[in-house]
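> Pulled from Swiss-Prot, these are the listed features:
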- 15, 385: anthocyanidin binding site (BINDING)
- 15: active site, proton acceptor (ACT_SITE)
- 117: active site, charge relay (ACT_SITE)
- 345, 347, 362, 365, 366, 367, 370, 386, 387: UDP-alpha-D-glucose binding site (BINDING)
């Protein structure tokens, strides 16, 4: 009898891509296994639609894509940000129940588990109805997972963790070797209006799962992974990464060709690439400071500059209609020979290009793994979510990045804090320093090799996945 796993990713492109690529990895490693991925649509993220179309156009044997019914965006638009994903999964529970019910009644296939994104862990209730074991996928790193469990434990002990916000406190967190400054704690865990109580409820449920699968690898986060394994109150941990989509997300192939063509004309390792994720946008005054810093640095650059969502709109904007309205006067003309400002960017293809020598990143976990895989030095500029913590981990804990900022917050930047052009200039020059003079570049190169060994036969992640199969099957 064939075995079937059901995957339920959260409907954001960074979460979805990781789980689909993981499904492909599972299938490639186990010939008797099939995977069904249930995809919920999210009105804000156009990347989900484009990626979904690419999956349907280029099907993978034994991988089934099931699109859950779309719901009216009006159901979510008036809700606070932290309440959107809970609402999404609530509207889909009936459909998920029907799908699991039908699959468990098959006489030719045995459903061996449900692998749910951590944000959708409450779907465990439905899996339990059909005696289907639930496994959790953590799209962020082991350090972040350990911090979340730690804060949830403090919360359970009646400590008000929201008091850490805007404090000078340093926390001793089991998954970090260094004290963690409160200023880099993810906003959603310490903001009274940020739904922290709901998030901690997810981590409580996570402790009830059969295992936690993390997109990381032993050599990158040894301290954090070991701390999670030492905690008897946390389910077994399986680091199986880096799991990456090295073929891109199916978006804008014509634009990608233009961008890569421009890079083809640049000298090796000469271009600094700036990209801040799907939701990474800046106010006009910060955009101007970045432009001045880039120009003064003297380095060639490729800058993915995206606008925020206009009031009343529901979808992410890929680019500005008129760059001259937001950039300093004459900037585009003065830098036309050395720089290119774009909207959407084919990030993986850019990081893989020989012309790129440095990456100014928002420090989303997928971006960190991609930078390691492609031996790309990073300068940290976190924006939202857990990215401040990721930046701290990269700079202080692992020594793999240059710090522009570790505590910049686009989501709650109500104070109008601005990173000035002179600091940006200095850090870009440090980032692009020649390899012989850069300890960080040497460490990144070593970690690249370790990442590839981890995924190869008998490597740490290869072995971890084999052990996971023993548990699941």
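Heads up, the Cβ atoms here are built off N, Cα and C, so glycines get one too.
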> Restricting the comparison to the recorded positions 15, 117, 385, which residue's C-alpha is spatially nearest the C-alpha of residue 366 (UDP-alpha-D-glucose binding site)?
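Nearest in space to residue 366 (UDP-alpha-D-glucose binding site), counting only the recorded positions, is 15.
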> Looking at Cβ-Cβ distances, which residues of the chain lie under 8 angstroms from the residue listed as 'active site, charge relay' while being 6 or more apart from it?
8, 9, 10, 15, 19, 136, 137, 139
> So the record assigns 345, 347, 362, 365, 366, 367, 370, 386, 387 to UDP-alpha-D-glucose. If I measure every Cα pair among those residues, what is the longest distance in angstrom, as a whole number?
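Across 345, 347, 362, 365, 366, 367, 370, 386, 387, the two farthest Cα atoms sit 22 Å apart.
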> For the binding-site residues listed here, 366, 387, which shows the highest count of neighbouring CB atoms within 10 A?
387
> Among 345, 362, 370, these being the binding-site residues, pick the one whose CA is nearest to that of residue 385 (anthocyanidin binding site).
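Checked the binding-site residues 345, 362, 370; minimum Cα distance to residue 385 (anthocyanidin binding site) goes to 362.
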> Near residue 345 (UDP-alpha-D-glucose binding site), which residues of its own chain have a C-beta under 8 A away, given they sit six or more steps off in sequence?
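Sequence-distant Cβ neighbours: 259, 273, 275, 302, 304.
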> Does residue 362 (UDP-alpha-D-glucose binding site) have same-chain partners at least 6 apart in sequence with Cβ under 8 Å from its own Cβ, and which are they?
275, 276, 277, 280, 381, 382, 383, 384, 387
> Relative to the Cβ position of residue 370 (UDP-alpha-D-glucose binding site), how many further Cβ atoms are located within 10 Å?
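A 10 Å sphere around the Cβ of residue 370 (UDP-alpha-D-glucose binding site) contains 23 other Cβ atoms.
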> Can you count the other CB atoms that lie within 10 A of the CB of residue 385 (anthocyanidin binding site)?
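So the number of other Cβ atoms within 10 Å of residue 385 (anthocyanidin binding site) is 24.
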> Would you identify the secondary structure of residue 385 (anthocyanidin binding site) according to DSSP, in three states?
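In the DSSP reduction, residue 385 (anthocyanidin binding site) maps to coil.
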> When DSSP states are folded down to helix, strand and coil, where does residue 15 (anthocyanidin binding site) land?
helix
